[in-house]
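> First the structure, which I've put down as structure tokens, then a few questions once you've had a look.
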Amino acid sequence: MSGKLVCVDDYEKYAASVLPKNTLEFYKGGAGEETTLIDNKRAFLRYKLRPRFLRDVSKRDLSTAVLEEKISFPVGISPVAMQKLASPEGEQASVRAAESVNTIFILSTAANSSIEEVAKAAPKCIKWFQLYIFKDRSVTKNLIQRAEKAGFKAIVVTIDTPVFGLRRANMRNQLISSKDPPYKNFDDQGMNTIDDKAGGLAAYVNKLFDDSLKWEDIAWLKTITTLPIILKGVMTAEDAILSVHAKVDGILVSNHGARQLDGTFATIDVLEEIVKAVDNKIEVYLDGGIRDGTDVFKALALGAKMVFMGRPALWGLVHDGEEGVKKVLNIVKHELDTALALCGCCDIGDIRRDMVAKQCCQSKL
Ligand SMILES: Cc1cc2nc3c(=O)[nH]c(=O)nc-3n(C[C@H](O)[C@H](O)[C@H](O)COP(=O)(O)O)c2cc1C
Ligand SMILES: CCCCCCC(=O)C(=O)O
């Protein structure tokens, strides 16, 4: 590709031009017909900004605090498995990028870099650990203890994966083998074997992850860690209220980047009902389809405390490792700063609900 890359879409196009087919399909794809995958992005177009002027926006500040930790702007990196397929340093490059712009990095259980390697790569970064709960609870317990010891600041429990989503591209191409590069967080547990002939990744995940999880298990988790717990995958007001009752510290509104259940609402479309249901009792974050600073602004106006991006960080990583992730984060930061100024805001606290309106009945969207 020629020319300067100036937005997330440019980085995605670059990644699509260089990645092997199977890897691209794994990173890019969603579940089923991919209607939710399209809608996660497209839904943002239905929310329109209402700019305000003549409000002196000469001094602007994008910083905010999340779980009492200060970050330089409200956009972090979602947990994404297998980042060494994007670049040799994988998660270690991504976490360094997050550290350099002072935002939150969430490490996936299914990473190609271990908890300890990531901690060492970016000791000052605010790191959260994403937890998949294994049928073998000793594996789960061990992961939490390692994350605590390595200085991670929160456990993000993914609740939307009792079974693996039906990702048709991955099913057709038999997906990539996970042995190379390996899953570094549980390779010592004798589980780093994937039998491509026996259903590939989906069958492997279904064998390992606990599909009997229920709210009582969240209570159990609270007995084995003192770290804050965030539930990732909440998509309804009902589950948001149960999350408050479960006394977790935050929820991440997410449909797993549309990789689990096709046909759900876009995350931005359920955010407001969830924010209302939670009634300021715990923090609410969002991921899914954020590609631009105006998307961030819209999510904050609808009540998210911060947002996270999954694929955009991967596209930066494919381009030039740590530098690429940093560039993607800084592009979105600059876009958010511009949106802030043009909506008449000086800081994140100035963003108001009435700065965004939902456009109804637009048949083409
Ligand atoms: C390639 C890929 C791998 C992912 N791996 C995980 C994972 O290991 N754990 C998890 O909770 N979510 C995982 N997710 C979901 C992301 O955390 C996040 O919810 C999603 O990517 C957000 O949507 P976006 O990509 O549109 O920003 C993955 C997403 C992608 C694209
Ligand atoms: C044990 C391997 C699990 C990989 C799961 C990654 C994931 O969540 C995804 O969406 O893909």
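Placement of Cβ uses the backbone N, Cα and C atoms for every residue, glycine included.
Annotations for this protein, taken from TrEMBL, read as follows:
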- 1-361: domain 'FMN hydroxy acid dehydrogenase' (DOMAIN)
- 79-81, SER108, GLN130, THR158, LYS232, SER254, 287-291, 310-311: FMN binding site (BINDING)
- TYR132, ARG167, HIS256, ARG259: glyoxylate binding site (BINDING)
- HIS256: active site, proton acceptor (ACT_SITE)
> Express the distance between the Cα positions of GLN130 (FMN binding site) and HIS256 (glyoxylate binding site) as a whole number of Å.
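Distance between the two Cα atoms comes out at 12 Å.
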> Would you count the other C-beta atoms found within 10 angstroms of the C-beta of GLY289 (FMN binding site) for me?
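Here the count is 27.
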> Out of TYR132, ARG167, ARG259, the binding-site residues in the record, which is closest to ARG291 (FMN binding site) when you go by Cα distance?
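Nearest candidate: ARG259.
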> For PRO79 (FMN binding site), identify the closest of the binding-site residues ARG167, HIS256, ARG259, judging by Cα separation.
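Result for PRO79 (FMN binding site): the nearest of the binding-site residues is HIS256.
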> Around ALA81 (FMN binding site), which of the listed binding-site residues (TYR132, ARG167, HIS256, ARG259) come within 10 Å, judging by Cα atoms?
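Candidates kept after distance check: none.
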> If I take the alpha carbons of ASP287 (FMN binding site) and TYR132 (glyoxylate binding site), what is the distance between them in whole Å?
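That comes out at 18 Å between the alpha carbons.
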> With the Cβ atom as the reference point and anything under 6 Å counting, tell me which of the binding-site residues (TYR132, ARG167, ARG291) are near ligand 1.
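Near the molecule: none at all.
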> Same chain only, sequence gap of 6 or more: which residues have a CB within under 8 Å of the CB of ARG311 (FMN binding site)?
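Residues satisfying the criterion: GLU12, TYR27, LYS28, VAL80, GLY257.
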> Anything from the binding-site residues GLN130, TYR132, ARG291, ARG311 with its Cβ under 6 A from ligand 2? List those in sequence order.
none
> DSSP secondary structure for ASP287 (FMN binding site), reduced to helix/strand/coil, please.
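Once the DSSP labels are grouped into three classes, ASP287 (FMN binding site) ends up as strand.
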> Give the three-state DSSP assignment (helix, strand or coil) for HIS256 (glyoxylate binding site).
helix
> What's the longest C-alpha separation between any two of TYR132, ARG167, HIS256, ARG259, the listed glyoxylate-binding residues, in angstrom?
19
